[in-house]
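Q: One structure, as structure tokens, below. Some questions next.
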């Protein structure tokens, strides 16, 4: 099987920084115990399992403020997705030792929102509902940041004539979908200022898939199902490159039926996918003998 290794792929700088920070904290005997992560440090179960092996406890499943109430003492780590100011304030009130692993790109978006709202803007924020990154961003200025996921959500919004408006977004969305939605916002409210915050790593990975996937018969994206950026890579392969594409968490999830009749398979991975997981997928495919397997 010929494998096209799409590059860039895998870890982005924000994920690398977050993982390295947790490792350092876990190995530091001076850091108060127990050590908690408020949500998954990044959306990948393999990374979460590594953190748990280091003695770090992952709290997941609710909004960040609710999760925080489960912690009475010790250390709390904020994930790469960022948290709202209310979460930071509550952590200090509880006397917790705080470690902030927020991606610098997310921090920049929070600062942008705060600055815009301080100047009298209402902010339309394009993001995935239920994802922790929009939760933190909307929490920067509750009541002034309006979360929309699709065009239909715009129908519920109304602003006073002359209201200053800005639109920005979650960093890991499809850049094409985001641009299309921003154009719809601009068409409805022409005074809207546009601030596209798709991070460079997301852009580069999506553009690489759009460029290289057409050379393949099949695209496999290695990533966690909760990883928004991984899911967007599948979307790009299917919608822009018009290729069959599948998301797998590990090599064990590859269905041989996908490979039947295929000669070239392109492989990429999400920004939170460990390198060794992707390497195992590539090695499996390179050794896969289509003729033998199809007999």
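The backbone N, Cα and C atoms fix where each Cβ goes, glycine too.
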Q: Name the one residue among 269, 272 that Swiss-Prot lists for the same isopentenyl diphosphate site as 43, 81, 131, 227, 229.
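A: Candidate in the recorded isopentenyl diphosphate site: 272.
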Q: In terms of Cα spacing, which of the recorded positions 12, 103, 133, 171 are within 10 angstroms of residue 229 (dimethylallyl diphosphate binding site)?
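A: Near residue 229 (dimethylallyl diphosphate binding site) by Cα: 171.
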Q: Listed isopentenyl diphosphate-binding residues 43, 81, 131, 227, 229, 272 - what's their greatest C-alpha to C-alpha distance in Å?
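A: Answer in Å: the longest Cα-Cα distance is 15.
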Q: Hey, for the (2E)-4-hydroxy-3-methylbut-2-enyl diphosphate site built from 43, 81, 131, 171, 227, 229, 272, who else sits with CB inside 8 A of the CB center?
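A: Neighbours found: 42, 80, 133, 172, 226, 228, 230, 270, 271.
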Q: Within the chain of residue 131 (dimethylallyl diphosphate binding site), which residues six or more apart in sequence place their C-beta under 8 angstroms from its C-beta?
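A: Spatial neighbours, sequence-distant, of residue 131 (dimethylallyl diphosphate binding site): 81, 170, 228.
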